Amino acid sequence: MGSSRFPKRYLIVFLTFICTSVCYIERVGFSIAYTAAADTAGVNQTSKGVILSTFYYGYACSQVPGGWAAQKIGGRRVLLLSFLLWSLTCAFVPLDPNRTMVLVIARLLVGVAQGFIFPSIHTVLAQWVPPHERSRSVSFTTSGMYLGAATGMLILPSLVKYKGPQSVFLAEAALGAMWSLLWFSYAVDPPRSEHPKATASGFGESLLPMRGSSKMKVENGVHSTKNPTIPWKRIVMSLPVWAIVVNNFTFHYALYVLMNWLPTYFKLGLEISLQEMGSSKMMPYLNMFIFSNIGGVIADHLVTRRILSITKTRKLLNTVGFIVASLALMALPYFRTSGGALFCSSVALGFLALGRAGFAVNHMDIAPRYAGIIMGVSNTAGTLAGIVGVDLTGRLLEAAKDAQLDLTSPESWTAVFSIPGLLCIFSSFVFLALSTGERIFD
């Protein structure tokens, strides 16, 4: 499992953190580069929404297959192949807003490739990370998304300005190739659980209570490692799984709307260019990075010190995160300065990230063996949120223009930000009612 000074699992977690960072640099980068190119070409808001949401169609299609592939052939291999596919697509596709079909196919390919990544990551983490480290490990890994988004917001607008939108694609492809080389060189599969070293390294499940009569088969003091049939019917019928799914949908609806449309809000709603905002434009995503890790540390502290049960810990952090985020989202269009808008979006995204210490770790509590599968199912819902939210936002803004509303007025943006705000309130109550921290799948 690695040396006692630096266990191998820490290296795996760090590499997955870099992985999510690079993925979100790509996603933010496309939004920035395409928005600049589309505005120059005079593309309308509805058409922009269609192109920006195309990624999520491909992403949705590969979530469950990604979990299945990671379960069958290993998350490490699937992760590498996925990264190579989207990196090559970025390297060879021209960014021309007038070549709509080329962009649609390219974004579908990138979406399909990246759809395999997060189920694979969660399969890898479920294999490598012991239960008492899972909250902070998952939080640290997923916080890479936000650091990547913050880095993209800080650097890529200047790259577009001085080198053109196409340069963003080439930079993203280079980053993807470099990460692929690191993963190929340093990532390995974990020791099998029947191996004495795995048991000695802390891979017990003592902090995961079993519900009912569910028990893992133990032979000669170690866990059995037979590959059972995936219990699809039980997964689909499970209320705790649905609690995760609903909250994943809401989290990604809010995140993807802000990620894809915040540049447009600053430019058209507040009439401020991203270049003029300097380093402050990265604050919403930097806040997500900070609060995601805070949530993970708090959750593991509450669980390991037995201050709260796993169930109560997940519900507490999820509820606080989503309720505060809902208030900030609904207030956002009424702050008419860049500072006010940055404050609201930072609070909203920061507390959404805090809430990930609730729902986003919960699949590893209830089904560590099928973590990749359930992650794939719930992330499919999150991806559908991207399709609906990003496309709907474009249509709402176009409808506001048709109604003779000025896009600089708060009324044009009220529905855009109120919808995810109300979804946050609804989802927090669903999670309170249906979720559990107990293992319910063998």
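From the backbone N, Cα and C atoms, a Cβ is placed for every residue, glycine too.
Just so you know, TrEMBL annotations never went through curation; they're auto-generated.
The transmembrane segment feature in TrEMBL is assigned to 6-25, 78-95, 101-125, 137-156, 168-188, 241-262, 282-304, 316-334, 340-359, 371-392, 412-434. Taken from TrEMBL, the feature domain 'Major facilitator superfamily (MFS) profile' covers 12-439.
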With pairs closer than 6 in sequence left out, are the transmembrane segment (6-25) and the transmembrane segment (137-156) joined by 3 or more CB pairs under 8 Å? yes
Can you tell me which of 101-125, 168-188, 371-392 gets the most C-beta pairs within less than 8 Å of the transmembrane segment (241-262)? 371-392
Are the transmembrane segment (168-188) and the transmembrane segment (6-25) close, by which I mean at least 3 Cβ pairs under 8 Å that are 6+ residues apart in sequence? yes
On the 0 to 100 scale, where does the mean pLDDT of the domain 'Major facilitator superfamily (MFS) profile' (12-439) fall? 84
